[in-house]
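Only one structure is covered here, and it is reproduced in the block below.
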Amino acid sequence: MEEVIWEQYTVTLQKDSKRGFGIAVSGGRDNPHFENGETSIVISDVLPGGPADGLLQENDRVVMVNGTPMEDVLHSFAVQQLRKSGKIAAIVVKRPRKVQVAPLQGSPPLSHDDRGFEVIEEFDGRSFRSGYSERSRHSSHDMLSHSWEGNRERGRPHQRTQSRERERSRGRSLERGLDQEDYGRSRERSRGRSLERGLDRDFVSRDHSRGRSIDRDYDRDYERSYHEAYEPDYGGGYSPSYDRRAHPETRYERSRSREHLRSRSPSPESRSRHEHKGQHDPDRPIGVLLTKSKANEEYGLRLGSQIFIKEMTRTGLATKDGNLHEGDIILKINGTVTENMSLTDARKLIEKSRGKLQLVVLRDSKQTLINIPALNDSDSEVEDISEIESNRSFSPEERRQQYSDQDYHSSTEKLKERPSSREETSGRLSRMGATPTPFKSTGDITAAGVTEASREPRYQEEGPVPQPRTAPRVFLRPSPEDEAIYGPNTKMVRFKKGDSVGLRLAGGNDVGIFVAGIQEGTSAEQEGLQEGDQILKVNTQDFRGLVREDAVLYLLEIPKGETVTILAQSRADVYRDILACGRGDSFFIRSHFECEKETPQSLAFTRGEVFRVVDTLYDGKLGHWLAVRIGNELEKGLIPNKSRAEQMASVQNAQRENAGDRADFWRMRGQRSSGGVKKNLRKSREDLAAAVSVSTKFPAYEKVLLREAGFKRPVVLFGPIADIAMERLATELPDLFQTAKTEPKDAGSEKSSGVVRLNTVRQIIEQDKHALLDVTPKAVDLLNYTQWFPIVIFFNPDSRQGVKTIRQRLSPTSNKSSRKLFDQANKLKKTCSHLFTATINVNSANDGWFGSLKDSIQQQQNEAVWVSEGKMEGMDDDAEDRMSYLTAMGADYLSCDSRLISDFEDTDGEGGAYTDNELEEPAEEPLVSSITRSSEPVQHEENIRKSSPEPRAQMRRAASRDQLRDASPPPAFKPEPPKARSQNREDSFDYSKSNLPATAGSEIPGGSTKGYPPPIAAKPAFGRPILKPSTPVPMPESEEVGESTEEQEDAPRSVLGRVKIFEKMDHKAKLQRMQELQEAQNARIEIAQKHPDIYAVPIKAPKPDAGLPPHMSSRPPEPQKAPSRLYQDTRGSYGSDPEEEEYRQQLAAHSKRGYYSQPSRYRDTEL
């Protein structure tokens, strides 16, 4: 005969970062089995090598996940519970097993194949098997009720043994194997798990702890047998537990497990023995001693346990309902079968009922379970009878005499714990999100190890505590204003603070702050504060919506001896719900600093990550918050609290500032002054700038909320094809996108590139369009700070060659360096990835990036945005006020130069477009340079690299004698006539850059037709501007420059002929430069007048021309000695004109003194 039994296991799985729990589930109410329609959640696959490999098997039925029943649930609900488990999941499963069942014989012992099943510890201490059996054709619900019906028909419950009754009183199952060799007491103390023991042959079987069933077995290699009534050789005798109380003739029958009672009938002999034993007085326990005579003998016991109602309070809902009675056996709790369930698991089920508790009970008319006589542990001399100390169960009468009904808060028997163990319980339960009340479940005795003797005195001590109902307390009446705000049932207490307030708090901003414990003897206790009171206000601080950490800190900061006024309301029902569900704090934050993992429980994170904080006082201690990472994978752990986060953020900000300090500036100056490194100068500057992360105005933790944006969010694109993408969006979708125009800065501004006013962005948004912005990462952070929430998309390139290929295909006329674009993209990805809202991978093989770009923008526009919960410092609610705040000096512009911001741009002379054109950009596009100090001479090598539009190979081919002759010092320094000499001294700076490229451009055929006008004319017009570098030069001047170029080409190739041309051009450049200097001076005066406390215009006295003035540059002036030698080498080709000879002598004398005769005139341009 074959029967299907169900073995139950509890498995704890550690989640793997890559494989998860390593299982797949199927089934559910919405996905029943295709053959039999079963709705159980079934393990459909176990990943080899995963966390569940060897622990779970296919076709296992999931009964419970972390205390949540999985019976008759949706498939999605089961999957969600597994995902919410975090790193650890406790899964209870039941596994079908077929066993051979043989009919029972009279006296011969049953064969091992016909008895039950074998319990093997397969899971390394992480699983247990309850061992209750069910027929495969019945569900667990039906089987439970049928099983009890079988017990009533066959087993006669009124004749069950006292031991069986005690099993049901505790609801715990212990499985022990008794073996001659295995004396080890390896027992598993985790809740809901079975314990197996191997005991010596002399080990005397004894049930110590009343209400705990002990399933003993002789060894793993032997099967369990049935009730002792089936075995005629199970002789009697007195157990050491009862030899002093029980009489040998009064013995009761040992009860059979419900499964065997259901499936088998006792033999005639056992029936007669059963009837014989039933004649004894059922009110007296009997003692039984079982002794092995052979090593392979078995005790033949298989015990079980059951939850029953031990006591009911007078004022509880169960008593008011009238359908429940003390002694009723609970079969189901909210649909979950309670057989072999621990009290701890039963308590969890009840706590998760959330106000609705559904029970299925079996009425015990004789109330056998609650009438068990009181017994004490025997003082037997048999060594190591049991390591389990009993937890005495009092009768209802005894319990009522020792403490009142108010000590109970639920049917799960939350008993007041001892003061010595309060701290331990507080630390254990505070992880649930609230500091616990001083209550503790009787729980698992094997895990807690609490002795019966230690519990009895505690009840007797707490018994005489006066009850608050006996003497009603009259509280102070709050003010009418407080009553109007907090309600009429508010009570007020007032006392002076001692060493501490004496309160332990629970809850948080999500549910309110509650009193979780009161220190005995404190003023708070004397004034009538009670556990479960909600604190609404302390002195002037409103506690509603306050996080628990802030509430504790506020109470701690109250000075000793100061009066404390507390407004509170008694809300015990809400308080119990808080403890049951573990709710407390709940708010969202966004990090603005980096944090590494400190402890195994900590979370590592970077800037821009969002967390949900669920406990601000983790483990009852300050310093850490318990948070859940919001993202693709929910992860729970510890993060620094607000104060520690601010300290860490300030340290990181200081390190960022030190990384870009003035030491790097002087290093750049050294590179600028040394020869042979000009080519890599800009690259070094960008490397230094990229190494410094973008600074931010945000605090370390920004409280955020998920909201929808009610406007078209601005769009910022980064990457090697950002300019092309912006142009396509504005051209192909003009109804949705508009490029924000750049404007020149005011005169005297420090930055060199164009800017975008926020007012321009707002105007585009008011037109219901996306504003396309070409701004820096720092400007993006400013947009986030001002709550414009830009959509920031980064184009991630695959390789440098891919960038070059795609740009040549999309923009053939562009000559931007692919190497620079690729390097800058990598730097942005490394330092500013927290600003990106989306990333699009750019592949040179296809052009699918544009469709992805449009889809990404539309998707992000429709999605909710994490917005700041409170307004930032200096920000107003109204948009107009916010804009007026942003239009203040220094905050109303967004830099349009798409390079990383650094301190070196202020004085770095190697400015230009944000990519290095490397002599490939046409001269028609003027180079936009950074601010340059006028006192710094421009070196000859720099002019060769930056001014000439021709490649290096062409430069070498154009190295003719005329070119060498033109490389001589600028003729603008001609001493005669004196007026020309005094004027030309000021603007020699402009011509030192333009002399050599002039001849080079005129030497190359077709240079002008290709868009390369001679730099002789171009440089005085827009070379090295100081105030408005991005403003183009008026066209009439360009025409004049073109005429001067033609005149220069027809002029004689003598020095005097060239001098006349240069003097004419120098005069025009001087006028323009003087006008710019005057505008700068006016702008500085205007700024200084508006902000006298910030700005001041330096007044410098002019120095006499006599003597050598000090140089303003960090390097000494470089006299043109090498060009002079070149001039002397070629002087033979000019003839022996005495005027030329005299000019050379005066020019040489001028060169010895340096470039500038009056450097003080330029010192006012230093910013």
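Backbone N, Cα and C atoms are what each Cβ position is placed from, and that goes for glycine too.
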Which candidate, of Ser40, Ser241, Ser380, Ser753, Swiss-Prot gives the annotation phosphoserine:
Ser380
Look through Tyr618, Tyr885, Tyr1095 and state which residue has the annotation phosphotyrosine in Swiss-Prot.
Tyr1095
Which residue does Swiss-Prot record as phosphoserine, given the choices Ser378, Ser602, Ser1002?
Ser378
Provide, as an integer number of angstrom, the distance between the C-alpha atoms of Ser305 (phosphoserine) and Ser479 (phosphoserine).
57
Near Ser479 (phosphoserine), how many other Cβ atoms are within 10 Å of its Cβ?
10
Give the residue counts of the domain 'PDZ 2' (287-365) per reduced DSSP state, in the order helix, strand, coil.
14 helix, 13 strand, 52 coil
Where Ser479 (phosphoserine) sits in the secondary structure, as DSSP reduces it to three classes:
coil
